[in-house]
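To start, the structure itself, in structure tokens.
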């Protein structure tokens, strides 16, 4: 049986995701699509608008056969760590291929870039260090390093100023690092540009523009044309029950936790460094909205995303001491499966290098405890009705 | 000039308080009444229903000339520590008298009890230790110790099973400990018994029964007959602007902070000991209301009040390490004054043994920082409108 892996957030699952999933299946002739999906907090340092079980249902309805949770420790990390967690899980699940969406659309430029960096490692790294010393953000420093080694070459390289190309590059690098036998494959992203916030007239829109439409119009109705029917129905159900989750909704909890911790204790939180805790503390005292808070703390040294990631870690109480305990994925957390996914799992079950977790109570692991905790905190921010916590303990894998 | 000190919470200020204040003034022929008043969190481990500035205005309107904040570290502590903080502040302000309400109503039984305990110290303390070993709560152990030394004496002793007698006894003991020259005076509490929750027909009701009426009827209107008109108007204004503060309203923040800290970090919080952190963590996961939470965690070993005090400390992030830095009051925080209070202050200003704080920014002190922090967290729990924090920095002493 052939399994193809994809790495997803599905925030929410839309027609572009459906296209990618179907193409990945078609191009690899896969029997099984395995989606490694982030839990309730995402790579850009944001809560997902609907919870991980709703998004699991969307994924299964859209054609995924197995949905595996990318643990919090990787899902909310910068690109190299995010990619490492996702690729290691897909490799552990014996995928023959992994397939990612990119602006580039073909795999050769990525391979060329990887080769170039590995042969010019020293120049690359010293250019990055140099740029960091000048006080620019990490992603920009990476770009500088890349420019330093690529400016006078004529080979076809991946354009690493594009967000999906960057992730794709890190998937390839992570696969390389573990000598994975998985074959990489990329599909060009269709529809609007990733960051384009305007809804286009046809049937594909980015998740970013879909979320923007939802929050601007305070309703999900306008985004119906851009989502598969089941996905849209699940989105509406969640909205009716809980309202969409967002930083705006979670800000009172974030603000409270910053005030309660005070600057001194904030430094124990993952990613907090170089005095930014004082800026957070001041802003929490003064700002009554999340947008106001972000405007008050933004700086040249950090990207918006990296600040949001710090804030997610403050919100969930994710500490440096906990992060140091988590280097590689240590379990395979099953969120959902189809009959075909179940067959595939049965066929590889005995050779799995990591424990397969269907019930979280069966394993005590710092990374898994962090997944459970972050779910509870995600739900704590839901206003109506009184949130039910401990869902990770009560929710069995979804089977459709 | 003669100053008489009183120790108050005014939650809210009612006719019984007015009576006590007038009697204290009359019986001591005082020029100045100095009220040491708890801030936003109180001795029974609860938030005040209205904030400290509103209660300061009530106190000034009711006849107090100076309102001094009892710092958080003392205001939320058990009786001996609470009394120590209050008495030291009144002593530092050169009060000639301190006057407390009690069930007993005359001072001799308190003096007798003090003498008895100091002469039978060993028997008293060993009886307390013995009782604690049996796993009963600290107040009950104190009672056992007291019974052990008082059961075969015929002298007139204070009945230390009554809540106001207990506080009065500790005021006397605290004054004794610092060899204060203040003369103690007690006034019998009138009206309903302290814990009696039913509203009586005449004009005096306990603060407990007033709060109960407010929360049961979700309105302040029924309590108007029991409060001076200005006090009632201030209460209504606060209600209209902010709603009354309560554990029910603060529970989402408490619950979130328990989930975020996890049992391991909860043990760093003041008063948390002997594994109760696990019981708190379990209850926070399961209980959606404060009442449900308290039912789930109550135990024979701790009184309801001592559990609530632990919860206040969790809510405000008051840690053992901070508490250890605070042994005695280290400043005199002025919340409000009348013209007469200002004259008195001027007359003693040069001899004050502690810094007088009118603007909190003028002093950096762990206890004062805790007062500021607890105000911000008290306000964070106010739902409408978006709370303004940092009020301790912005609010000058109230002058009427």
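Using N, Cα and C of the backbone, Cβ positions are placed for all residues, glycine too.
Note that this is a predicted model, so its numbers are computed, not measured.
Among the features that TrEMBL reports, ATP binding site is placed at B:7-20, B:101, B:164, B:189-190.
Where TrEMBL records a feature, it is marked here on the structure.
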residue: B:7; record: ATP binding site; Cβ neighbours (10 Å): 26
residue: B:10; record: ATP binding site; Cβ neighbours (10 Å): 25
residue: B:13; record: ATP binding site; Cβ neighbours (10 Å): 33
residue: B:16; record: ATP binding site; Cβ neighbours (10 Å): 21
residue: B:19; record: ATP binding site; Cβ neighbours (10 Å): 18
residue: B:164; record: ATP binding site; Cβ neighbours (10 Å): 18
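Under DSSP, residue B:164 (ATP binding site) is assigned to a helix (H, G or I) in the three-state scheme. Taken residue by residue with DSSP, residue B:10 (ATP binding site) is part of neither helix nor strand, so it is coil. In three-state terms derived from DSSP, residue B:19 (ATP binding site) belongs to a helical segment.
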